[in-house]
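Going by TrEMBL, these are the annotated features:
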TRANSMEM  B:7-29  transmembrane segment
TRANSMEM  B:35-55  transmembrane segment
TRANSMEM  B:62-81  transmembrane segment
TRANSMEM  B:93-110  transmembrane segment
TRANSMEM  B:140-161  transmembrane segment
TRANSMEM  B:189-212  transmembrane segment
TRANSMEM  B:224-251  transmembrane segment
TRANSMEM  B:257-279  transmembrane segment
Amino acid sequence: MTFFNVYTPLFELALFNALLAFSQYIVLRAGVFSLGTAAFTAMGAYCAGVMATQYGLPSWMGICAGTLLGAVAGVILSVPLARLRGVFQALATLALVQIVLSITLNWVSVTNGALGVNSIPRTVHLSHMLIAVAVVTYLLWAIGRSSIGRAFDIIREDETVAVSLGISVPKHHRIAFTLSGMIAGLAGALHAHASYSITPNEYGFHMLVMVLAMVVLGGRVSVAGPIVGAIILTSLPELLRAFDSYRTVVQGAVLMLSIVFLPRGVVDTALSWLRARRLKAGTATKEARA
Amino acid sequence: MLMQQLLNGIVVGSVYGVFALGFTLIFGVNHIMNMAHGAVFMWGAFAGLYAVTMLDVGFPGALLFGAVGGGLLSVLLDWVAFRPLRKRGASDFSAIVSSIGANLILLSLAQQLTQTRVMRFPFDTFPIKVYTIFGLRIQLLQLVIVGLVILMVLGLVWYLYRTSYGRQIRAVAFSEQTSRLLGINPVAINFQVFFISGALAGIAGVLIGLVFNSVHFMMGEPLLLRGFVVIILGGLGSIPGALIAGLLIGIVQTMTVAYISAGMADAIVFSLLFLVLLFRPKGLLGGASAAVRVNRQ
Amino acid sequence: MKALRLENIQRSFGGLPAVDGVSLTAPPGRITGLIGPNGAGKTTVVNLITGLLKVTSGRIMVGEDDMTEAEAPVLARAGVARTFQNIRLIGDATVLENVVSGFHRHEKVGMVANLIGLPAMFRERRELEERAYVLLERFGMTDLARHPAGSLSYGHQRRIEMMRALAMDPKVLLLDEPVAGMNDAEAYSLADIFRGVADQGVSILLIEHNMRFVMSLCEHLYVLASGRLISEGGPDHVANDPKVIQAYLGG
């Protein structure tokens, strides 16, 4: 049990990161290059934190409201953002992260500025995080197997084919943005209630890079990808304690090396390797029988 | 007071323009969004700083070392972060991710090297002279910066439009495939493009380091973020666009800091970016076409 | 049953006409040929019909509907399907998944069921896979269902494209060089399938470079050269038309 007690904060962090990675994953799967996860997370976190500390509302209300806020922000922003593509989407969402960051820093009466929101009741524990991750995993897995997931895959690979099959690209981009905002809002709200205090700078460029790294490393198609990515990148700093000061160098190197040498991510590469092996074995037995 | 702020805005904005010029050059030729360009800028500033403090080369030496340092680093970046992806024909997504990784590495190396300290150029690197013209206080440094920026822009335009190298670069920017058929060596072109853009960033680093009298490992990030705003506003790949938008952002930013609040500067600048992307994705002056929607074309 | 009718369509790129005043009709139940030398503008015609390119002038009719301005997904949902000259499959996905993607316009399960994984969604997925297997059977590729599409031979990939287009249950089918790179035996086995599809009342427009193949399959042909129609009629008429011979030989 002591093992669990010592590592509980780490598990919680890994689960939080897995939610963030899911938020990033779902947009990338649909071929949307959004970097907005950090912004939606900030919205969810601040919504829950402010509701709990300034209005004394129960945590579950704050968490629901935070999730809803993320989803609503996703819906609203998706309308203009679905018109853009590639780097333009990336830059617009990057600007969004900066705008939200400025708001949290400057709207002092609500957000308490750079000091952040403090003494948020710690009501969310490992078990809650586990449930949240399990539910989101199921939903994303199911979506991946549905008509929407099939459309996402085609849009990501080839938009021309997608439109030729009758798939509406803006509609699916909107769905992806909304899901991304919702998951990130949920993650932020849960995190606020799991960590006493939140500060604006948690939700900046650094989070954006971390989240992107998790999905790129893990994989962008299979649902297991973001989870594996989150676990690796959460435990990496622990494993690298000895090189503490060079942690970010390693993170950067992981990001670069994985996009260069493992462009599809650990999980998707492993899955396609397994599949190839199974198919080979299948044809071999068939030939042997014949 | 207003004129004074306008002047300060123009000086800072012209340096933003130079920074964004390199950024937009890489995009124009390689269609890469180089997220590590801010780190090149920062390392350029360090190269200039160390040249002054250790080799005692003075202001011109600082510029030279900043330019060469930034240029070489940028070429290295291309080899390590972009070339393997180009060979595979990977998407612009991969290039962004790869350069974010490179940016992280360069940033934390600088952090280790300087132990997170803020460094300064020695007091006598540039003579402090202030002229008063029509009640405006103009520093010699400001005049030199504006002069240098004009020189660099003219130099770049001359290089791109009056030399055979420039013609080749523009041919590759137009279509890499066609230019390959014409026998243009893309390796040489990429070397030039990345060197030039890195050198511009390095010089911008030295200049910004002098203007604000501080050089530190995080100095590239705000510039990179402003660089995005500048190139989107000016139109991706457009040289005059980058310059005009650079000036505009410099002015908007100084004005906001002076008259509204320092904290709001970012919010205003990025809201501007957001709005331009939504309503005029080609930038205010037009440039590379933003891929907008799959519609009948 | 819907005929495809082009009325004097024109499209220029940067002032140069790529397609210049083309009118043609592809009636239901027939395979209509559109042939021409390389660079004649055949693929541009396909892209104009399927909504990827805008016409400069002229009209595109599908049945009684004016589709000149319609966007690609609208056309697809109205039953206009196509294959691509340069094969465009999702290479990492399996053959089955590629074929299933063609059923998009027939998917009926609501958004909510899709989003939260209700049984209806899983049921629809199974049904579509079963229908995909029917197609795979017809093309003799059942054994390859679970293979990644990108790992298969050229001929197989062409078939997958065809199955994906047929999965749409099209009213109008545009085949852009469907047998390019195949040997004669493979090509003629596909020809039988095309005839079968046409017999069900589909209007097929077959775009080909290979004259012999088109001649054997189509009753009516249009010949395109430099963006203009230079000849039309039955195979015999077209094959002996001096203008056609000159276009093919003279380049």
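From the backbone N, Cα and C atoms, a Cβ is placed for every residue, glycine too.
Worth saying up front: this structure is predicted, and the values here are computed from it rather than measured.
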Stretch with greatest number of CB pairs under 8 Å, the transmembrane segment (B:224-251) reference, B:7-29, B:93-110, B:189-212, B:257-279 candidates: B:7-29
Contact set, same chain, for the transmembrane segment (B:257-279): CB under 8 Å, 6 or more residues outside the stretch: 1, 5, 225-226, 228-229, 232-233, 249, 290
Segment proximity, the transmembrane segment (B:93-110) to the transmembrane segment (B:7-29), 3 or more C-beta pairs under 8 Å: no
Leading stretch by Cβ pairs under 8 Å, where the reference is the transmembrane segment (B:140-161) and the options are B:35-55, B:93-110, B:189-212: B:189-212
Long-range Cβ neighbours of the transmembrane segment (B:62-81) (under 8 Å; 6 or more residues past either end): 22, 34, 36-37, 40-41, 43-52, 55, 95, 98-99, 101-102, 106, 121, 125, 148, 190-191, 194-203, 205-206
Same-chain residue ranges lying at least 6 outside the transmembrane segment (B:189-212) that approach it to Cβ under 8 Å: 11-12, 15-16, 18-19, 21-23, 25-26, 29-30, 34, 37, 40-49, 62-63, 66-75, 77-78, 83, 121, 125-126, 141-142, 145, 148, 152, 156, 159, 165, 168-169, 172, 179, 219-220, 223
Folded-back contacts onto the transmembrane segment (B:35-55), same chain, C-beta under 8 angstroms, at least six residues removed: 19, 22-23, 26, 61-70, 73-74, 77, 81, 96, 99-100, 102-103, 106-107, 110, 113-114, 119, 121-122, 125, 197-199, 201-206, 208-209, 215, 217-221, 223-225, 227
